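Asker: Residues or ranges marked as topological domain 'Cytoplasmic' by Swiss-Prot: 1-339, 411-424, 469-473, 523-585, 644-649, 703-723, 772-806. Sequence annotations record features per position, and here Swiss-Prot assigns region 'Disordered' to 1-34, 48-138. Taken from Swiss-Prot, the feature compositional bias 'Low complexity' covers 25-34. Feature annotation from Swiss-Prot assigns transmembrane segment to 340-360, 390-410, 425-445, 448-468, 474-494, 502-522, 586-606, 623-643, 650-670, 682-702, 724-744, 751-771; the stated evidence is sequence analysis. According to Swiss-Prot, the topological domain 'Extracellular' annotation covers 361-389, 495-501, 607-622, 671-681, 745-750, on the basis of sequence analysis. What Swiss-Prot records for N377 is N-linked glycosylation site.
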Amino acid sequence: MFGNEMDDTRDPLQYGYQRVNTGEGSLSTSTTGTSLDTIVLDTNAEDLNSTPRVGAQRTFSPILETDDTNPFLDPPPPGQKSPPAVGEAKAKSKSSLKGSRVSFDQEDRFDETDEGFRKQREHFQKHKSHSTSEHKNQLIKELRHLLAADNRRQFQGKKHVSLDVQSSKVLEELLKASSSEDDFEGQRKQFQERKHKSLDARHISFKFEKEPTPSSSEEDFEPSTSLLKIDADITKPVIIDLKVNRAQSDQALTQFQKNLAHFQDLESSEDEDYISSRKHFQQAKSMSTDSRKSNKSIRFFEMEMGTKEENIRTAVPFVRQITEDGKPKLEVYRPTTNPIFIWTQVLAALSVSLGSMVVGFSSAYTSPALVSMKDRNITSFEVTDQSGSWVGGIMPLAGLAGGILGGPLIEYLGRKNTILATATPFIISWLLIACATHVAMVLVGRALSGFSVGVASLSLPVYLGETVQPEVRGTLGLLPTAFGNIGILLCFVAGKYMDWSGLAFLGAALPIPFLLLMFLIPETPRWYVSRGRDDRARKALQWLRGKKADVDPELKGIIKSHQDAERHASQSAMLDLMKKANLKPLLISLGLMFFQQLSGINAVIFYTVQIFQDAGSTIDENLCTIIVGVVNFIATFIATMLIDRLGRKMLLYISDVAMIITLMTLGGFFYVKNSGQDVSQVGWLPLAAFVIYVLGFSLGFGPIPWLMMGEILPGKIRGSAASVATAFNWSCTFIVTKTFADIINAIGTHGTFWMFGSICVIGLAFVIFYVPETQGKSLEDIERKMMGRVRRMSSVANIKPLSFNM
């Protein structure tokens, strides 16, 4: 493309300038350097004095390239005339340029003398096309404004959905290429390569025509090395490398409106280059607003990221073809409502939560039942204080056994089947208690009930953690705790009007609706994947997410997570638990369980009536227990509304601080009362403190340890680790409830509450420094973060579709 250096005294007839026909006008070029700015000229080819029009052409059609066999003629010595060589040179030049859009000017316009050549050269230098630095800067501004600012901004606003609404062929290719996330990534890269060149002004290439005609001094026509990158092979296109930074782009935007208005005046529907470029861009950009739209019904698959709003930048669009009546139908899915309104997902959460209501009823049973059970006018057998303590304490002890066995059960039987299997033991246990003729029958019934409670308390959070979407896992994940509190409230209210036997019959009826609803919901997809039953996993996930949801991305993530866990798993489950990556989430879960029970909540629930009797409150003790139960119930529903807004840790902070204040207050009240002072004026204080204490506990430390157990434990060890955590929880429950009376006798009621308050202070520090926030994260994200690997959060929310015609 560039000739040899020449002296100023070359023959203009033999080595004349050439004029290149671009289709938009003519531009003058030389072999030493083609004026960069001529690519936007529209001049009169016959009049070098005409004023150039800048910005007349936005896009450029490919310019035909000639072969690289054309020899460059060596210039004659200065002053030498070679008229006979003119015809030969012209013939060779025309032969080498065959197929190129190059036209020679009339040769008689140039003088044959050296003086004439110099005049012509000066005339050309004076009028050549925008070769000054000022005009080059203008070119850069034009390119930056029109290419970078306009189209790139529009494209980024509409994002990458590479659908061609004008060509069914392009759409069908995209549909095939977007069948999976990996395929889509490859398709997306191709799309980035073929998208409109104006989207990135840093990488714009133009082809110049090859011209064999040498020019004069190279120093007069030195190309701008800051803008041009010239390959050794002159047949390759010249690359214009525009270094556009943010500051330059911002500065350029100030003149964008003027340039755009000028550009719009120059646009023409008859311009073939513009039409070609526009069609290409229409194929690449998102949801063209072109009037030439397809009549087909198109449906986009988009994904909702995070917990609060759509994150279009990181969302991956998915498109699939739906067959209707044997004919392909293209439809578009758009994210619409909150996942909380997917009724199948809510039904699954409600079904397992009814089991939690039975658990809550079982836990609260001893508080109202022991009073009537010790009454010989009601009970045919004697219940001593020692046997009464075992009626309250044997349930958590049996729950310990249930927690230990529950881990293997949910792995081998499945999450759903394990929960379902607890219904029958619940019914049998309550019937044993209701029909008891000896305290031993009551103990056996309580033990069987406690075993079922241990299994259920382990399997319920695991089931919900594996089926509910991350966006609403906090809200729906707290439903078991809320229904557990309903069970507690129901037991307290019924206990005011029923004796221990009637309460037991009521308890036997509660598992029946729970049993029936459990048959309607599926097993968790993750358990199916762990058993190699991917087809069943897909069906279960489809049921949970809705019939029209695209579950492929989520299913793929579940399978990948399971495969990663399998690669790092050992033969021994205990060895897996002891691995550093698994030990950290297990210890956090154990810590939460420890501080939950050592806050004294179960001791308070089990002995609520007795505590109010000891306090000497003027309010009826049974009414006090009902009030506490109502507050417990309401607080949990408040937590369900706040947990996905404030996060897990914030609710734990609030919960811990509330318990610390109220436990210390209760300790102070009992200290003053036991010292012999009159506390009748503040008889309301125990109830107020209890209400705030239960309110604080139910907001955080009540439901969140169980919720986070199902979230932070790795999938491969979730069953065994949850078994350990549940067993540990019930061990702490047993220790607290069984020793509560002994601790009161040893250090007094006031000392007992102060002890629990001090433990809550330590629990607050534990939450601050060790407990992670899991709000809005998928189980796979949480697992990778707990293992120390950082990854981009991915979340799959398959939303009810909204179809519209384009």
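For all residues, glycine too, the Cβ spot is worked out from N, Cα and C.
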Asker: Return the stretch with the most CB pairs under 8 A relative to the transmembrane segment (474-494), choosing among 340-360, 448-468, 502-522, 724-744.
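Answerer: By the under-8 Å Cβ criterion, the transmembrane segment (474-494) pairs most with 340-360.
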Asker: Output the single range from 425-445, 586-606, 682-702, 724-744 maximising the number of Cβ pairs under 8 Å to the transmembrane segment (623-643).
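Answerer: Comparing 425-445, 586-606, 682-702, 724-744 against the transmembrane segment (623-643), the winner is 682-702.
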Asker: Neighbour count, 10 Å Cβ-Cβ cut-off, for N377 (N-linked glycosylation site): what number do you get?
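Answerer: N377 (N-linked glycosylation site) is surrounded by 5 other Cβ atoms within 10 Å.
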Asker: For the transmembrane segment (502-522), find every same-chain residue at least 6 residues outside the stretch whose CB is under 8 Å from a CB in it, and list them.
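Answerer: Beyond its ends, the transmembrane segment (502-522) has Cβ neighbours at 347-348, 350-352, 354-355, 357-358, 361-362, 365, 368-369, 416, 419-420, 422-424, 426-427, 430-431, 433-434, 445, 449, 487, 490-491, 494-495, 539-540, 543-544.
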Asker: Restricting to CB pairs under 8 Å, which listed stretch, 340-360, 390-410, 724-744, is in contact most with the transmembrane segment (448-468)?
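Answerer: Result: 390-410.
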Asker: Counting only residues 6+ away from its ends, which parts of the chain sit with a Cβ under 8 Å from the transmembrane segment (340-360)?
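Answerer: Same-chain contacts beyond the ends: 419, 422-423, 426, 452-453, 456-457, 460, 463-464, 467-469, 472, 475-477, 479-488, 490-491, 507, 510-511, 513-514, 517-518, 520-522, 543-546, 800.
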Asker: With Cβ-Cβ distances below 8 Å as the criterion, list the same-chain residues six or more beyond the ends of the topological domain 'Cytoplasmic' (644-649) that contact it, or say none.
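Answerer: For the topological domain 'Cytoplasmic' (644-649), the far contacts come to 307, 471-475, 704, 707-708, 767, 771, 773-776.
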Asker: I'd like the per-state residue tally for the topological domain 'Extracellular' (745-750) from DSSP, helix first, then strand, then coil.
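Answerer: The counts are 6 helix, 0 strand, 0 coil.
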Asker: Limited to the topological domain 'Cytoplasmic' (1-339), I'd like the whole-number average of pLDDT.
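Answerer: Averaged over the topological domain 'Cytoplasmic' (1-339), per-residue pLDDT gives 47.
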